[in-house]
Amino acid sequence: MLDITYVRQNLAEIESMLQNRQLASEKPRLRQLLEYDKNRRELVQRSDEMKAQRNKVSKEIADIKRTGQGSGEELIRQMKEVSDEITMMDATLSKLASDIEEILLSLPNRLHESVPTGKCAEDNVICKAPVPYLHLLDFPIKNHLELGRSLGILDFERGAKISGAGFPVYIGKGARLERALINFMLDYHTDHHGFTEVFPPFFVNQESLRGTGQWPKFADQVYHIEEDNLYAIPTAEVPVTNLHRNEMIDAERLPVSYVAYSACFRREAGSYGKDTRGFLRVHQFNKVEMVKFTRPEESYQELEKILMSAEAILQALMIPYRVLLLCSGDISANATKCYDIEVWSPAEEKYLEASSCSNFEDYQARRMNIRFKADSRSKPEFVHTLNGSGLATSRLMVSLLEHYQNRDGSITIPEALRPYTGFTSIDQLTS
């Protein structure tokens, strides 16, 4: 959430940000916000004056009663009128505060100066050229669906029977491979990159979703359990970032770095017409997430570290990938700067998003009231929060299966995963 003072003092920047994000339609709400803010500040001043007058009259009434000079009835009548007006003002102020917060919660974050201006995904900038790991595929290539079926390791049909479309079932060595990927990534981030592992709840309350920015803007994308008023998490970012909600973090601990595995649940409302085959778009998937809390002056340096940590996984697995810097029209509403890592699918002949690494500056921390003090004499400041997928297994599995397939239809397990799988290949089923 943006600071209302910052919005008021940097109106031209905020309007430009909305324009660059292709959200010019939000400008009337911005003007409404400033009108609410102006009315609130004027009313606060008037309310303070009235309260000062009430205190003055109360003292005069007390003096009259103490000295016995008159009944003070007129002053009592005046004080009642003032008190009634203050009560009405307080109610109006409460409504204005609610209206201001509602608009602030819906406004997107500011953009970092390095974010390229663009309208859509086609305008994203390739900031790291494709990193090729040559796997000789000089035979007809099968896609991950064909491989999963022929090897007996993936079953989307039974998943649909159990839960509906978008809920895959991993079987046998497929289940072992999925678990191996998760454990490998967790170990890599904790052992090589200094992250502390967290195993968070998979269901959160509305306040947690609001803290990270998924609520109310993306309310239609989350699964809701009405009886308990809990929500299935769309990403481990939500519970892990909320670990420090309403807390003051010791400055000496910063940056705080967490990594967490979770299942992720997304309704994917509005995905009609998009490619939903296999793992390309699912309602439930597994992901390892990195989350950082940093000092403001260190957050962009830490963003680069998160990106390198995610890249290191693909380098260890020898999966071809590229890195994009998202443009202003494609970046998420909460982020000031975001990199996407895309893995290559030989069968689809295109890149698939497998990770997003984002800096939110104080946008989430302000919502969640997460602060630190640089030293004992300093005023509390909001931390900066960052996160990055490290990685999502679904699209990673697509690229892995397709790249490591062999002419006979078997899959060779990448060397980095073999200590976790306990096997070196997945062979064709025999009838």
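Positions of Cβ are set from backbone N, Cα and C atoms, glycine also.
L-serine binding, as stated in Swiss-Prot, involves T235, A236, E237, S389; the candidate among E178, E289, E297, E298 given for that site is E289.
Binding of ATP is annotated in Swiss-Prot for R266, R267, E268, E353, A354, S355, S356; the matching candidate from V240, V282, V291 at the same site is V282.
In terms of local Cβ density within 10 Å, R266 ranks first among the binding-site residues R266, R267. In sequence order, S332, C338, Y339, D340, I341, G388, S389 are the residues near S356 (ATP binding site), counting only same-chain partners six or more apart with C-beta under 8 A. Those residues noted as binding ATP (R266, R267, E268, V282, E353, A354, S355, S356) have their most widely separated CA atoms at a distance of 19 Å.
Every protein chain shown contributes to the tally, and the Cβ of E237 (L-serine binding site) ends up with 30 other Cβ atoms within 10 Å. Same-chain neighbours of the L-serine site beyond T235, A236, E237, E289, S389, judged by a C-beta within 8 angstroms of the site's C-beta center, are, in sequence order, V238, V240, A260, S262, C264, K287, V288, M290, V291, N387. Nearest neighbour of A236 (L-serine binding site) by Cα distance, taken over the binding-site residues R266, R267, E268, E353, A354: R266.
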